[in-house]
Amino acid sequence: MITPQEALQRTIEHREIFHDEMLHLMRLIMRGELSPVLSAAIITGLRVKKETIGEITAAATVMREFANHVEVKDNSNFIDIVGTGGDGSHTFNISTASMFVAAAAGAKVAKHGNRGVSSKSGSADVLEALGVNIDLQPDQVAASIAETGMGFMFAPNHHPAMKNIAAVRRELGVRTIFNILGPLTNPAGAPNQLMGVFHPDLVGIQVRVMERLGAKHVCVVYGKDGMDEVSLGAATLVGELKDGQIREYEIHPEDFGMQMVSNRSLKVENADESKAMLLGALSNEAGTAREIVALNAGTALYSANVADSIAEGIALARETLASGRARAKVDELVRFTQQFKR
């Protein structure tokens with residue numbers, strides 16, 4: 001098997017680390033058996049040479065191996081709505097707001113997230129501000145999904161082995177392969193996904209990784225204004241996996257009868273501001289926040305196979321927002337999760 005030093009040499013020469021070799025290296029990292037120096041060198045080398053689809057797939061496979069899994073019996077209409085983060089847009093938590101709409105409209109959502117690192121408010125931060133208990137055990141998350149149609153998986157609870165690389169990542173302070181692994185390693189194994197990414201090159205890469213990992217229906221999106229969401233401010237690149245086929249295309253707000261508007265009004269400074277904007281959108285208050293939630297929730301409903309097209313998904317999202325069902329889902333999740341407060 002390849003040694004860490006040989007793997008490092010490969011990255012220096014811009015050569016690929018093969019699947020079985022990458023599995024071996026990742027297991028060493030996740031078990032804490034690789035020195036911080038070699039771990040840092042290898043993940044930096046991978047970044048410099050650019051990680052391949054095969055390397056990312058192998059790394060995600062190992063992260064899934066080491067995860068604390070959530071067992072969900074019924075996989076129909078089951079989705080994760082997630083972004084890589086790191087887009088620098090500092091908007092409110094659009095994917096978290098979309099979770100409530102999608103769940104209220106008939107999808108089952110296993111949201112995998114963390115506290116904000118590059119953002120002002122991560123999904124964990126805004127859910128906590130809303131009163132949700134984010135510190136659930138895997139069986140409690142499964143119960144939450146079964147009962148409310150949604151469950152939040154706080155990443156540190158489900159990926160304990162990540163502590164072995166956390167200090168290295170923190171000290172490096174640059175993006176590495178681990179920044180793109182989170183959305184690929186849903187502990188509940190949701191077969192469908194709406195995934196936002198921070199770079200256009202990742203659209204084609206991540207959708208092909210998800211295909212290799214056995215996903216069913218995935219839309220990987222990148223707003224051309226830099227958002228890791230479906231954007232109102234620009235065209236959005238989409239990489240879609242459906243029925244075993246991959247398509248890459250662009251969508252525009254105007255395709256769905258929406259006006260193209262700047263995302264500037266969606267910026268927030270902290271979790272409380274994000275909470276206020278999220279609740280306003282879910283309460284069907286007219287404005288850009290409601291529109292971008294309808295757009296993203298609609299794309300999620302299509303990805304979850306609740307709707308037959310993005311346009312149909314948006315119409316269903318609008319109806320769900322207008323009915324009050326989306327706003328009611330917030331209170332339902334708060335009530336359900338608080339019973340497990342330790």
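Even glycines carry a Cβ here, placed using N, Cα and C.
According to TrEMBL, the protein has these features:
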type: DOMAIN; residues: 5-67; note: domain 'Glycosyl transferase family 3 N-terminal'
type: DOMAIN; residues: 76-326; note: domain 'Glycosyl transferase family 3'
type: BINDING; residues: Gly83, Asn114; note: anthranilate 1 binding site
type: BINDING; residues: Gly83, 86-87, Thr91, 93-96, 111-119, Ser123; note: 5-phospho-alpha-D-ribose 1-diphosphate binding site
type: BINDING; residues: Ser95, Glu229; note: Mg(2+) 1 binding site
type: BINDING; residues: Arg169; note: anthranilate 2 binding site
type: BINDING; residues: Asp228, Glu229; note: Mg(2+) 2 binding site
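Features as recorded by TrEMBL, highlighted on the structure.
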residue	record	DSSP class
Gly83	anthranilate 1 binding site	strand
Thr91	5-phospho-alpha-D-ribose 1-diphosphate binding site	strand
His112	5-phospho-alpha-D-ribose 1-diphosphate binding site	strand
Arg169	anthranilate 2 binding site	helix
Asp228	Mg(2+) 2 binding site	coil
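In terms of DSSP secondary structure, the domain 'Glycosyl transferase family 3 N-terminal' (5-67) contains 48 helix, 0 strand, 15 coil.
Here the C-alpha separation of Arg115 (5-phospho-alpha-D-ribose 1-diphosphate binding site) and Glu229 (Mg(2+) 1 binding site) works out to 18 Å.
If you measure from the Cα atom of Ser95 (5-phospho-alpha-D-ribose 1-diphosphate binding site) to that of Glu229 (Mg(2+) 1 binding site), you get 8 Å. Cα of Asn114 (anthranilate 1 binding site) to Cα of the residue listed as 'anthranilate 2 binding site': a distance of 15 Å. Note: the CA-CA distance between Gly83 (anthranilate 1 binding site) and Asp228 (Mg(2+) 2 binding site) rounds to 6 Å. Counting only the Cα atoms, the space from Thr91 (5-phospho-alpha-D-ribose 1-diphosphate binding site) to Asp228 (Mg(2+) 2 binding site) is about 10 angstrom. Residue with the densest Cβ environment among the binding-site residues His112, Arg115, Arg169: His112, by other Cβ atoms within 10 Å.
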